Every structure is written in C-alpha cells, then in structure tokens.
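Trainee: Supplied in structure tokens, the structure appears directly below.
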Amino acid sequence: MKVGGIEDRQLEALKRAALKACELSYSPYSHFRVGCSILTNNDVIFTGANVENASYSNCICAERSAMIQVLMAGHRSGWKCMVICGDSEDQCVSPCGVCRQFINEFVVKDFPIVMLNSTGSRSKVMTMGELLPMAFGPSHLN
C-alpha cells in the first residue's frame, strides 16, 4: 500500500505501533480498544490509546491521546501520517466526529489517515479532507 510520501518501512512501523498501542487501551466499560500512531515530520512515531472513565464524558479517544503526545513534544505541524486500529476484525476503525475536528486543527486536507481492523489485515486510507469535508477550522475565525 502506498500512502503519500511515506516509505513502506515507515508505514509498517506505524501499523505495528498502532496495534501495540491498542493493547495498552484502558477500556473497561466499552471493551473496545483503539490504538493510534502518528509519524511526525522528523520521522518520530508517537502513540496513544483510548482511555475510558466511569464518568463517560471524561473518556479520551486514541487519536487525541496520540495527538497530545505529539503536541507536547513540540510538533505543531508537518505531520506525515496517522494510523488507527481498533477491536473490529471485520471493519477498519475510523475517527469519531470529535477526533476528526481535533485532527483537522493541526493537519492539511491531504493528510493521510490509515484505518485498520484489529489484526491489521484490512486497511483503508482516506485524507483529512475526505473524512471531514467542508470542515470548520482556524481560517473561519479570521
């Protein structure tokens, strides 16, 4: 699978990182684990997993968990790719609406998002622009 300018070895490393992050999920309520990995412009991989809470509104998705790691390391832009996986063998897991809006804040429209099933045997690639067409973003506030 070719994804943007990402090398095959980088994409495989991203997939492995997302699958491993999924194992670190804290999801005692939904029992649906999600993992995410992000490749930065200097080829560093950051990961995150969903973390649930008894007060459901306090849960955080894997995508935002990973993005916070990236942002706290000082990488505000220029990310290369995101990979998401979750506990569905039949379907590739896509970002929820909140995560789509959050991701949109920091990436360009052609930013590739690779969605995997639980084993990584199925994949679908979409861009941020495809996942959130006509997105509301920072330019609307100028």
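Cβ from N, Cα, C; glycine included.
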Trainee: From the candidates Cys36, Cys59, Cys61, give the one listed by Swiss-Prot for the same Zn(2+) site as Cys96, Cys99.
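Mentor: For the Zn(2+) site that includes Cys96, Cys99, Swiss-Prot also lists Cys61.
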Trainee: Please give the average pLDDT for the domain 'CMP/dCMP-type deaminase' (9-139) in this predicted model.
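Mentor: The answer is 97, the mean pLDDT of the model over that range.
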Trainee: For the recorded Zn(2+) site, enumerate neighbouring residues of the same chain (Cβ within 8 Å of the Cβ centroid of Cys61, Cys96, Cys99, site residues themselves excluded), in sequence order.
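Mentor: What remains near the Cβ centre is Ala62, Glu63, Arg64, Pro95, Gly97, Val98, Arg100, Phe102.
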Trainee: Counting other Cβ atoms within 10 Å, pick out the least crowded of the binding-site residues Val51, Cys61, Cys96, Cys99.
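Mentor: Among the binding-site residues Val51, Cys61, Cys96, Cys99, the lowest count of other Cβ atoms within 10 Å belongs to Cys96.
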